[in-house]
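Q: Before I ask anything, let me first share the structure, which is written out below as structure tokens.
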Amino acid sequence: MSKYFHSLSQTPHRLKSRMLATWTPDQEVTQVRLRSGADMKRKLRWFDLVSLGVGGMLGVGVFVTTGPVARDISGPAVFISYMIAGFSALLSSLCYTEFSVNVPVAGGAFSYLRVTFGEFIGYFGGVNILLEYVLSNAAVARSFTEYMCTAIGVSDPNAWRVKVIGLTKGYNELDFPAVVLVLLLTLCLCHSTKESSMLNLVMTVFHVIFFGFVIIAGFCHGDGVKALVEPRGLTPYGARGVVNGAAVVYFSYIGYDTVSTLAEEIQNPSFSLPVGIIGSVSVVSVLYCLMSLVLCVMVPYNEISKSASYAVAFRRIGWGWAGNVVGAGASLGIVASLLVAMLGQARYLCVIGRARLVPSWLAKVHPSTGTPLNATLFLGICTATIALFTDLEIVMELISLGTLCVFYLVANALLYRKYTLTGQNAPFHTLSFLALLSSFSLAFSLWWKLNKPWWGLTLFIAITIAVTAFFQYHTWSISSTANKNLPTPSCPSKWSVPFMPWPAAASVFLNVFLTTTLKTLSFQRFAIWTCLVTMFYVLYGVHRTYEAEEMGRIDVVEIHVTSTRVQPEKLDNVQMAIPYI
């Protein structure tokens, strides 16, 4: 205890030393990865990644968020909300792809931010994406119970939940089927990643076929355009409702992030990662738009059920048997999305454990299964606990806020890395551009939110475009002066985002814009979470990482002495890594 209090007394010095400390991509891939002991097994190929990305996203959004958003936020124009969210997700996925090729480790956004902006920003991004994973998985598991009820013909979607008198509304319906599902998937993921991927592939194929059935049947037996314009037109809540809906349904696109966390388990990551990430986002965006459109074609938006929306919609058009099929298909899709999301969340926690920002036993990879066993079990229990009692509406917007925050940080990190860390721009120039870009994006967003005149929106967009164009020209000038054979800035990778800096700048703009459309309560809850995780970093994380770096030489040697799977090439890596600690 006295040692801990002594460490606390050195907090200011340690914060100054560690908050902005960065690792190189080579150190992440070799030195830091060795802290898990055994390696994860490289068994996944590009089609596994596409399947995992599609499976991870499909069951989440269309069955969980479409009904509530169409009824209360966007109206029949919910398909436009999905278009906006999908375009923003595609831009973010481009940023993720370039990072994942350059830093092929399981840390996802945590590793990308840590090698660019330092330890604290990486930690902040990592714990937020973890929160988003756990809450969204809990929410999706509860939706599984609703759709299973409809699959067997039970009219009340809450029939299998146990209502407890005396608990606050939203926390008073215990969902034991959701808990059982989460725990079973946790055990499956502990066994093997490849077998889990094959299970997901089978479920995803059936799920896509099921989507085709819903789309064709819905369009054939719905009321067509009439249902979209009655009773109050395509956009009964106005353009703002469409945009507000896009911020909420953004929660539906988080599955592609899981693909980047599998980088240590992929054969040929420089090819497979771009195909897996961009391919899955593109496929899912099209399916989401069609599925949300067909729901509003079958049922007027104000009559859509918030629970098990598609199953109820088929019953309304007289296809009771189809309602049962939809319930079964949706349940299968939800299981696939849960499987993928839980796969990703464990890898995030594993890599954060490698950095010593959480207890290091969470970083251990089991030598026989090649999976992060401790992290998988720990997060599975956390997810099951929240799924037991927390209603979807309570966490849905908080999930979107955390996701948008992380994707915003990753887009900024890509711009800084591309133009400063691996380019010729001075840090001040790039940071100034990022600050101006965020400021004008925020100004536009607040102008929109406060319902100000349209000329202000046009002005802020024009300024944002001008600032980005000037930055591009300035960067091109510096690069041309330094090397006339390089007319544009380049990043030494096998794959890079085309037309930079425009895609990343547009991603920053859209993430800021969608964030400001969320409700105030979401920001209040997010602020409380931010305070808690910052306190944890100050009281625990910074001291553990400081001590790990001071004792780094001993730490690396001990891991390899005790490892049961030491390989000669690994020992060479240790010898090469020690001088950098």
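Note: Cβ is positioned from N, Cα and C throughout, glycine not excepted.
Curation plays no part in TrEMBL annotations; they are all automatic predictions.
So TrEMBL lists the following for this protein:
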DOMAIN    495-544  domain 'Cationic amino acid transporter C-terminal'
TRANSMEM  46-65  transmembrane segment
TRANSMEM  77-99  transmembrane segment
TRANSMEM  111-131  transmembrane segment
TRANSMEM  198-217  transmembrane segment
TRANSMEM  277-301  transmembrane segment
TRANSMEM  321-350  transmembrane segment
TRANSMEM  371-389  transmembrane segment
TRANSMEM  395-416  transmembrane segment
TRANSMEM  428-448  transmembrane segment
TRANSMEM  454-474  transmembrane segment
TRANSMEM  495-514  transmembrane segment
TRANSMEM  526-543  transmembrane segment
Q: Within this structure, do the transmembrane segment (371-389) and the transmembrane segment (277-301) have 3 or more Cβ pairs under 8 angstroms, counting pairs 6 or more apart in sequence?
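A: Since fewer than 3 Cβ pairs under 8 Å link them, the transmembrane segment (277-301) and the transmembrane segment (371-389) do not come into contact.
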Q: Using DSSP, what is the helix/strand/coil residue split across the domain 'Cationic amino acid transporter C-terminal' (495-544)?
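A: Here the numbers are 40 helix, 0 strand, 10 coil.
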Q: Checking distant contacts: for the transmembrane segment (198-217), what same-chain residues at least six beyond its ends satisfy Cβ-Cβ under 8 A?
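A: Contacts of the transmembrane segment (198-217) (Cβ under 8 Å, skipping residues fewer than 6 from its ends): 47-48, 51-52, 54-55, 58-59, 188, 287, 290-291, 294, 310, 314, 319, 322, 325-326, 329, 332-333, 335-336, 339-340.
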Q: I need to check the long-range neighbours of the transmembrane segment (111-131): which residues 6 or more away from its ends have a CB within less than 8 Å of a CB in the stretch?
A: 18-25, 28, 96, 99-100, 103, 105, 257, 345, 348-349, 351-352, 355, 357, 379, 398, 402-403, 405-406, 409-410, 412-414, 416-417, 421, 529-530, 533-534, 537, 541, 545
Q: Please tell me whether the transmembrane segment (495-514) and the transmembrane segment (46-65) touch - that is, whether there are at least 3 C-beta pairs under 8 Å between them, with each pair 6 or more apart in sequence.
A: no
Q: Look over the recorded stretches 46-65, 321-350, 395-416, 428-448, 454-474 and say which has the most C-beta pairs under 8 A to the transmembrane segment (526-543).
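A: Going through each listed stretch, the top one turns out to be 395-416.
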Q: Using a cut-off of under 8 Å between C-beta atoms, tell me which stretch among 46-65, 77-99, 321-350, 371-389, 395-416 contacts the transmembrane segment (428-448) the most.
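A: Going through each listed stretch, the top one turns out to be 395-416.
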Q: Give the nonlocal contacts of the transmembrane segment (77-99) in its own chain as ranges (CB under 8 Å, at least six residues past its ends).
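A: For the transmembrane segment (77-99), the sequence-distant neighbours (Cβ-Cβ under 8 Å, at least 6 residues beyond its ends) are 61, 66, 69-70, 108-109, 112, 234-235, 241-243, 245-250, 252-253, 256-257, 260, 273-274, 277-278, 281-282, 284-285, 288-290, 292-293, 295-296, 301, 407, 410-411, 413-414, 417-418, 491, 493, 495-497, 503-504, 506-507, 510-511, 514.
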Q: Rank 321-350, 371-389, 454-474 by Cβ pairs under 8 Å to the transmembrane segment (46-65) and hand me the top one.
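A: The stretch with the most contacts is 321-350.
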Q: Counting a contact as 3 or more Cβ pairs under 8 Å, with residues at least 6 apart in sequence, do the transmembrane segment (371-389) and the transmembrane segment (321-350) touch?
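A: Per Cβ check, the transmembrane segment (371-389) touches the transmembrane segment (321-350).
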